[in-house]
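Data first, discussion second: the structure below is written as structure tokens.
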Amino acid sequence: MRLLKSHPLLKLVNSYLIDASQPSNISYLWNFGSLLACCLIIQIVTGVTLAMHYSPNVLEAFNSIEHIMRDVNNGWLVRYLHSNTASAFFFLVYLHIGRGMYYGSYRAPRTLVWAIGTVILILMMATAFLGYQHSPKWFDISNKGSISNKGNITNSLPPLLQRWGGRINKRLFNKNLVKRGYCTSSSLNSPEMSERLQTIINELGINPVYVYEDLNQPSSWKQILHDTRDLSGVYMIINKTTKDYYIGSASNNRFYTRFCNHVIHFTGSKIVKLAIKKYELKNFAFVILDLYPNVVTKENNKELLDLEDKYLKLLVPNYNILTEAGSSFGYKHTEIDRQKMKDLYSDARREKIGSLNRGKKFSPETIEKIREKALTRPPMSEETKIKCIANTRPVVLYNLNRTIYGKYSTILEAANAINCNEKTIRRALQTEKKLVKRQWIVEDFSDK
């Protein structure tokens, strides 16, 4: 006790908590204030701890919760302590108010204190409940795609609509309010979406903003043009037959341009072009994964690339050659470069180059010599074959359960064994998961 009254800091604490003069008729009902302070401290400590492990992303939110519950030391205790303390906090607040009303704490000379407490209560209620305006628990997406607010907390949120056109399946949100919607009961269960595509989306664990099928119909093209006007973000082209996909980004009003380049005009990804020619356009789907909320400029274009890069690393698409996002947004040729290009490729030179072989035909003698040269060309020697094989590497194919499917001396033999292209295996070896056709895992045997 001597230390409590002699130490400078402990003396102050002692004067307020132990030796403070109190009325003789005080009771335990005056403990609510200190209990509320304890709840507030617990909320802050547990909230900061949970924020260290929580990921506020629709693709990773549930996984981060499972990580907290399973992997973090006493994470389950921290999570339940945070949620239950919040309920206890408001319970004690109402008891605190009831005590004050019973003993007339709202009368003079404590009227100002009571008014300040009322303002604090209103702010707490606004913070606690209006924050749920965009929470999944307040929204119900029915099978018809309409979204209704179950909580009916505030009328400031305009209704989120979903429009359907023909056989096109898409989800539409109010672009002036939010760029993305999320709900625990997704409208991806809609009967308008093909079962195959729904399975792929569920396996990937994504929540797309727009989904378009039947890409072989011109009405789908018009719908994409209409819905994605002035929008920017990340898109995906999905092969519903092989479950392979391509991921890319588009700046403002460029979604339809990217769609046409890849799917219609075949001036985009060569891998996507070959896949569409092999599996037909009707077996592909165009998906808008995420929307960038701001107008893309040269200054903030890096943020859009970071968004694309996040999906590239998260989903690891098979149709993408590059594993990192890149863009030439904002690049312009200088006037000097433009003039050089004009000087090098003048109209006279273009005409001259184009007329080199125009109207020319090989003579029958030349055609016969070419044919004879091709037919008499000797086959590849054994020595050359050995050199070619020496430049390849042995690989091992595993099933998804890590059992060995087969060992092959060359990548070409492995490709023939599973009926795929040699480049498919080479691309898989460069990825982290090393998945081939989502059925096998390939590893370089030469490293072992």
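Cβ atoms are placed via backbone N, Cα and C, with glycine included.
Taken from Swiss-Prot as is:
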- 1-132: region 'cob exon 1 encoded' (REGION)
- 32-52: transmembrane segment (TRANSMEM)
- 86-106: transmembrane segment (TRANSMEM)
- 112-132: transmembrane segment (TRANSMEM)
- 133-448: region 'cob intron 1 encoded' (REGION)
- 230-321: domain 'GIY-YIG' (DOMAIN)
*asked:* Return the average pLDDT for the region 'cob intron 1 encoded' (133-448) as a whole number.
replied: 76
*Sort the residues of the region 'cob exon 1 encoded' (1-132) into helix, strand and coil with DSSP and give the three counts.*
101 helix, 0 strand, 31 coil
*Counting each residue once, how many in the domain 'GIY-YIG' (230-321) are helix, strand and coil under DSSP?*
38 helix, 21 strand, 33 coil
